[in-house]
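Right, one structure below, let's go through it.
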């Protein structure tokens, strides 16, 4: 049974990593296919920017709804349904000819992605518990790998369609040069084929089919009842909430907002920054951008093995230290070309492990449920939306200032200040711990008092016994003296005088009797009988 449980946990982890690979592909495929989407709905590229807003809003809504539903229903069933929603949206996009409908489809896909992002992290935490660190790193590395593969897949599909379109255009030109078409021939000539639908078809169909298979695997896990054990384990841990649980969740929300915002901002603007302020060529700027994302992906892959040996707090401290050092170099010493390249690489590597390490870290101190995880995802999504927009606005207002590295430095300072506060709150003693400590101290005090009382009683008994011994000794001395006096009186007085002595003793009280009887009392009784 233990072997079956371990195999089931590894199956859940594998399916979750595969789903996050699809999540990365679903998000990244929009970039290279964006011009084809605009042409498919007969709009300019600048006129359909709102599909990004629709997807972001859907992502936020899906994160919130997923966080609530995750605490109410089976986790694998919820993730399977979200994957089906993503598949349906990806299948429908190539056939969409209306910009408003395209925005709705993007919102549906974003909502499904938000549910997957929230539920996947919580399900993995419930599956592995304290051992979830390396698996969380693998989960988020799968997302980065999917985001890396999607542009390549789109490029292959779009390249084939473009080559076919160019070949068809060349054949048409050759036929036109050979013969001039008549009016009847022109009227019977078919209209040029719309290649935009074909360009969009294969990338979205391939990714949608892949995600459909992942949804089937989630349904299989649901039929096995895999998350029942995880739910019972999570419910059993609800008493382990930290003393400042919601304060920790709120601070980590802000922490992820600055972290994800900094990551997306630098990755989005480093190309423009390199062209304008570093005076690089386009190929050099593209290489600098690739260095950032390459270091990001490589460090996230290495963190899978590093998390098995390092604690989440150690990994976060290492990331924050590298981020602060590299952002300082980028903000104030970027005019040295070597520091620009090295700072970009180190900054990308420092961004790689913060999000999964942060979730692993807080799970050590409190219970991470659906509502808590949705706040983490929402914080990251808000940072991805707000900070790049703010940096773009400031760069437009202040053309002469390199706002991008300054923003990287400012966010590094904010995260470096937030983490010690979170660490202090996380290690605050809980009320139960304080109660246990006070109870133990009370028990110790009672034990010490009882011991003191017993010692005092023993000393008192010893003192009483000593006093009794002294009294017995004094009484013996008095008795000896009285016997001596009595014997002297018997020897020097008349029998009549002696006979009065016992009567006097009866009036005053009997003298103490030693063991074996009082000789004086016996002699007195004999004399009294003789007088009678």
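For all residues, glycine too, the Cβ spot is worked out from N, Cα and C.
Here's what TrEMBL has on this protein:
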- 7-28: transmembrane segment (TRANSMEM)
- 48-70: transmembrane segment (TRANSMEM)
- 77-94: transmembrane segment (TRANSMEM)
- 100-126: transmembrane segment (TRANSMEM)
- 138-158: transmembrane segment (TRANSMEM)
- 201-223: transmembrane segment (TRANSMEM)
- 244-271: transmembrane segment (TRANSMEM)
- 340-362: transmembrane segment (TRANSMEM)
- 374-394: transmembrane segment (TRANSMEM)
- 406-426: transmembrane segment (TRANSMEM)
- 432-470: region 'Disordered' (REGION)
- 432-442: compositional bias 'Basic and acidic residues' (COMPBIAS)
- 454-470: compositional bias 'Acidic residues' (COMPBIAS)
- 493-532: region 'Disordered' (REGION)
Same-chain residues near the transmembrane segment (340-362), Cβ under 8 Å, at least 6 residues beyond its ends:
121, 125, 132-133, 136-137, 139-140, 144, 248-249, 252, 255-256, 259-260, 262-263, 266-267, 270, 274, 278, 288, 291-300, 303, 306-307, 312-313, 315-316, 319-320, 322-323, 325-327, 329-330, 333-334, 368, 373, 376, 380, 408, 415, 422, 426
Quick check for me: are there 3+ Cβ pairs below 8 Å between the transmembrane segment (138-158) and the transmembrane segment (7-28), leaving out pairs under 6 residues apart?
yes
With the transmembrane segment (48-70) as the reference, find which of 7-28, 244-271, 374-394, 406-426 contributes the most Cβ pairs under 8 Å.
374-394
Going along the chain, which residues at least six beyond the ends of the transmembrane segment (201-223) come within the CB cut-off of under 8 Å?
11-12, 15, 18-19, 22, 25-26, 29, 33, 74, 76-77, 79-81, 83-84, 86-87, 90-91, 93-94, 150, 153-154, 157-158, 161
